[in-house]
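Trainee: One structure, as structure tokens, below. Some questions next.
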């Protein structure tokens, strides 16, 4: 009886096993049919890497990044949809749903809810989880790609763009004196040139930073650098002051996008342990741009003999040659950028998996070939991409014409940039944005304010010394004498000049007061800061001179004749000592940044970003107090070099912290906003500190010290990003 029962039990069990196998084979056939249908579609779409069944994993040959290996996941043919007894349970995918399914808000049982049935908060929560997983995975992929030839090639290409930004900051200050003289700019309009360039850079930083988060780092950088190069070249040829301002405005608008895009771009191809050091090395190119601009100004601008003219209407002086030379780094970066790929991190962020994978493979293969390991295979097959949330854009019905479509498109893009910017003030980056705003503003205000104050103070000291060496001549009586030599830094009072000839000579800072000129001849005269005050001219001839009416102050001209008077402003002070000196001072001040750059690059990952940022700003603020003892040119130059050397570490640390605190979808936008704020603080600092030159030392010193120390203390409150992956 017992044996019969056992046989019966075995027979039932065998029947169940057969039934289970039949069910298993049926499920396999259904799943294979579904997979085959899906593969036919997904081969033409990037979304095959984002389907709901596999979005939690990405696979490599012989391994798995980001998650622990699990044989039970990712296969519809094995155990998915089965319980311990191998029974099909409710929720197993059992074929394509019929047309009735999904109506009235119903979805197939066991299927993930489609995006159209989810609210935005739920979609954003899923995207955030995907981004966090991608951050970890991407760090491991970059480590596998290694650091080598590709990163160094991109380093020099982006360095040229950063160098162009450094040149743009210096070029305006160097050409301003010559441009004012060449274009006859009145004193009331001379300040516009410096301010309008910073205005263009401020708007450009915000705009191009936002565009880089929408259309890509490489494409935005190419466009903004092309805009800068085109208008920089054009500005060297225009003659009118208004058109020159227009060109420099758009040149600044273009170069304004360089800093936020360059640092965002380069940080996204660096592994965590390399990021701080190599971003600091990249900062050196800004210093190289300043040295390049100072050296070219020193070598080119004072050589006014390099000029040429086309008739009386077109003049091309040496400062215009300098403007062309300063545009060369920008042109070089544009050419080199055409051979570089887009940031793979950005492509993954916008769901372009295949393009990102190809670029990452290119990075890996380039570095491996350079290491002599061309046989090493890139093992990544699938990378996590965040869920893409479609933005619904309402387009007006009357946008049939092309210009209306362009207006709608531009308005939509600008609105998208504004929305991205507003997200920089959302949790969890809101507190970081506010703190970074305070640090960027205080550092820029103090640095640029003192940077314009130092040269102006040196010029003020020079002018005081120059005025102290003025020669006075009183009650001169000169007749039948030929003056054919240079008169410089002299004051002639109550003199009488009868039948004298002034031929082929230069007047530099010469003033004639209460003097009489009778039967005299002025021929081939060039003058600078020369005036005749309350003088009388009788039967005097002026031939080929630049002595215009405004140089005769309260003077009387009786029976005088003027032939071939050179009107306008003439650049003729070819031996102007102050020009050489200012270029040399700026050259030394920029060169003093080199030691600070090297130290910050070597210590960035060792002592941390926050320690270097706060320490550098506090030490810079303390060094300002040494300005009390600056009573000579040499002492002021020494203080300038010390200040620049201490401040550069703060700039480098701030650049690194900024790119690491913002997530990829807001990185360039947040950096662009802070860089725009930097330019606004620079303009404010120039206005305040420049107005105090020659008046008092106390206010500039105390103001700069206070803002730098306060900014450094705020910087210490930022989160430490040294050990974090790129969000």
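Note: Cβ is positioned from N, Cα and C throughout, glycine not excepted.
The following feature annotations were taken from TrEMBL:
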type	residues	note
REGION	36-55	region 'Disordered'
REGION	60-85	region 'Disordered'
COILED	113-140	coiled coil
TRANSMEM	152-177	transmembrane segment
DOMAIN	154-722	domain 'Major facilitator superfamily (MFS) profile'
TRANSMEM	189-208	transmembrane segment
TRANSMEM	220-237	transmembrane segment
TRANSMEM	243-267	transmembrane segment
TRANSMEM	279-301	transmembrane segment
TRANSMEM	321-340	transmembrane segment
TRANSMEM	436-454	transmembrane segment
TRANSMEM	580-603	transmembrane segment
TRANSMEM	610-629	transmembrane segment
TRANSMEM	635-659	transmembrane segment
TRANSMEM	671-692	transmembrane segment
TRANSMEM	698-718	transmembrane segment
Trainee: Under a Cβ pair cut-off of under 8 Å, which of the recorded stretches 220-237, 580-603, 610-629, 671-692 contacts the transmembrane segment (279-301) most often?
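Mentor: The listed stretch sharing the most Cβ pairs with the transmembrane segment (279-301) is 580-603.
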Trainee: Residues sitting near the transmembrane segment (671-692): Cβ under 8 Å, six or more positions beyond its termini, same chain?
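Mentor: Hits for the transmembrane segment (671-692): 194-195, 198-199, 201-203, 205-210, 212, 256-257, 259-260, 263-264, 421, 424, 436-437, 440-450, 452-453, 456, 658-659, 662, 699-700, 703-704.
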Trainee: If we call contact 3 or more Cβ pairs under 8 Å (sequence gap 6 or more), are the transmembrane segment (152-177) and the transmembrane segment (321-340) touching?
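Mentor: These two stretches do touch.
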Trainee: Based on Cβ pairs under 8 Å, which of the stretches 220-237, 243-267, 580-603, 610-629, 698-718 lies most in contact with the transmembrane segment (321-340)?
Mentor: 220-237
Trainee: Mind checking which residues reach the transmembrane segment (243-267)? Cβ under 8 Å, same chain, six or more beyond either end.
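Mentor: Sequence-remote neighbours of the transmembrane segment (243-267) are 154-155, 158, 161-162, 164-165, 168, 172, 179, 183, 192-193, 196-209, 211-212, 217-218, 220-221, 224-232, 234-235, 275, 278-279, 282, 330, 343, 655, 658-660, 667-668, 671-672, 674-676, 679, 726.
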Trainee: For the transmembrane segment (610-629), which partner among 220-237, 436-454, 580-603, 698-718 gives the most CB pairs under 8 Å?
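Mentor: Ranked by Cβ pairs under 8 Å, first place goes to 698-718.
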Trainee: May I ask which of the stretches 220-237, 580-603, 698-718 has the most CB pairs under 8 A with the transmembrane segment (436-454)?
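Mentor: The stretch I would name here is 698-718.
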Trainee: By a Cβ-Cβ criterion of under 8 Å, what residues six or more beyond either terminus of the transmembrane segment (220-237) are in contact with it?
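Mentor: Long-range Cβ neighbours of the transmembrane segment (220-237): 161, 164, 168, 204, 208, 211-212, 244, 247-248, 250-258, 261-262, 265, 316, 320-321, 323-324, 326-327, 330-331, 333-334, 337-338, 668.
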